[in-house]
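Everything below concerns the one structure shown next.
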Amino acid sequence: MVDGLNTSNIRKRARTLSNPNDFQEPNYLLDPGNHPSDHFRTRMSKFRFNIREKLLVFTNNQSFTLSRWQKKYRSAFNDLYFTYTSLMGSHTFYVLCLPMPVWFGYFETTKDMVYILGYSIYLSGFFKDYWCLPRPRAPPLHRITLSEYTTKEYGAPSSHTANATGVSLLFLYNIWRMQESSVMVQLLLSCVVLFYYMTLVFGRIYCGMHGILDLVSGGLIGIVCFIVRMYFKYRFPGLRIEEHWWFPLFSVGWGLLLLFKHVKPVDECPCFQDSVAFMGVVSGIECCDWLGKVFGVTLVYNLEPNCGWRLTLARLLVGLPCVVIWKYVISKPMIYTLLIKVFHLKDDRNVAARKRLEATHKEGASKYECPLYIGEPKIDILGRFIIYAGVPFTVVMCSPVLFSLLNIA
């Protein structure tokens, strides 16, 4: 029993691919952010701790209210619907789906999405680690998800909400700028975007992953990222800093600076890995754009958007395997071999792995608590950054060459 709740048989794992997992953690200190205030007071600056204490007012009593709402609408169909639609905010979804607009002639739109998504992920991860606020507790909630990994992050802000907000605003902005479309078509497309948005955002509450503060703060981050991207894109159209020789150095340096100076959480939280991935993608697409404009590599800019279903299918059948082969087959062994064997960087992965092993095999009361912050190996940060920077190179530089050779450009 925990706070009057029966905790027997409280963790239910899916037995088939189609069924989501139902997680409850009776030892709530195993989830980050749930320790008493003294745990954070000694590990935070006074300013940071005071902000956290003020925000706790919005999270302390949310779990039972959210649990009643979840119980009211819980069904097998909703479990499947909201867990699988949540994949539209997942890491793998972006790896496979973000390249597609590039192959159909929408490179600039993809750049907009990469900037908005990349900085939404970074800022939401930064504030998660800065505030160290807990997710709603389960029990009384059920965390309905396809992966236990995501349940071990802090709560606010919601990165799913930040992404959905920024991208939905971008879609709506582009829809209402389509002068060749009728108002009826624009309204229909807007309804589709809003349906996507409501599904992704309210799904976070239904799945027991986030509370109201998480959604509001995530939404604000998405709005800010959209406004900043649009402001710089249209306010300084003639600046063209991406055409200067130093721009790739600045892009890579800026991305790595943001990552190596990222705020340190108090407890272990895996969301930093997504920040590394997206900062790599941002830098990668900037460097590809620079190569295209400085050296005249224009194949990606010449791809025709209205190409018919045969060419559309052909580009997908050629482009997607290229991305999968780079990301999931050759990139990791190649990049780590170069970093360790050629550039002689120290491989510090074993040190972090040993610390994690020790943290998860504690004796006594401490084995019922999440470990304190251990951090990512420096070689993993650099390696992951380069691997994900390689995804835009595969999409923007390699795939259009293959399209041209196969006469599907």
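Just so you know, glycine gets a Cβ as well, placed from its N, Cα and C.
Pulled from Swiss-Prot:
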MOD_RES   SER18  phosphoserine
TRANSMEM  87-107  transmembrane segment
TOPO_DOM  108-112  topological domain 'Cytoplasmic'
TRANSMEM  113-133  transmembrane segment
REGION    128-136  region 'Phosphatase sequence motif I'
REGION    157-160  region 'Phosphatase sequence motif II'
TRANSMEM  183-203  transmembrane segment
TOPO_DOM  204-207  topological domain 'Cytoplasmic'
TRANSMEM  208-228  transmembrane segment
ACT_SITE  HIS210  active site, nucleophile
TRANSMEM  246-266  transmembrane segment
TOPO_DOM  267-276  topological domain 'Cytoplasmic'
TRANSMEM  277-297  transmembrane segment
TRANSMEM  316-336  transmembrane segment
TOPO_DOM  337-384  topological domain 'Cytoplasmic'
TRANSMEM  385-405  transmembrane segment
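Looking just at the topological domain 'Cytoplasmic' (267-276), the mean pLDDT is 90. The transmembrane segment (277-297) is in contact with the transmembrane segment (113-133), judged by 3+ CB-CB distances under 8 Å for residue pairs 6 or more apart in sequence. Panel annotation: around the region 'Phosphatase sequence motif II' (157-160), residues 86, 89, 120-121, 123-125, 127-128, 200-201, 203-204, 209-210, 214-215, 217-218, 220-221, 271, 274 of the same chain, lying at least six beyond its termini, place a Cβ under 8 Å from a Cβ of the stretch. Residues of the same chain lying 6 or more positions beyond the ends of the transmembrane segment (246-266) and with a Cβ under 8 Å from any Cβ of it are 32, 39-40, 43-44, 122, 125-126, 128-130, 132, 154, 272, 275-276, 279-280, 282-283, 286-287, 290, 372-373, 375, 378, 381-382, 385, 389. As a quick check, the transmembrane segment (316-336) and the transmembrane segment (113-133) miss the bar of 3 or more Cβ pairs under 8 A, pairs 6 or more apart, so the two do not touch. Under DSSP, HIS210 (active site, nucleophile) is assigned to coil, being neither helix nor strand in the three-state scheme. Helix, strand and coil counts under DSSP for the region 'Phosphatase sequence motif I' (128-136) come to 4 helix, 0 strand, 5 coil. Same-chain residues lying 6+ beyond the ends of the topological domain 'Cytoplasmic' (267-276) with a Cβ under 8 Å from its Cβ atoms: 32-33, 35, 91, 121-122, 124-126, 128-129, 132, 149, 152-154, 159, 258-259, 356, 359, 370-374, 376, 380-381, 384-385, 388.
Look at the topological domain 'Cytoplasmic' (108-112): DSSP puts its residues at 5 helix, 0 strand, 0 coil.
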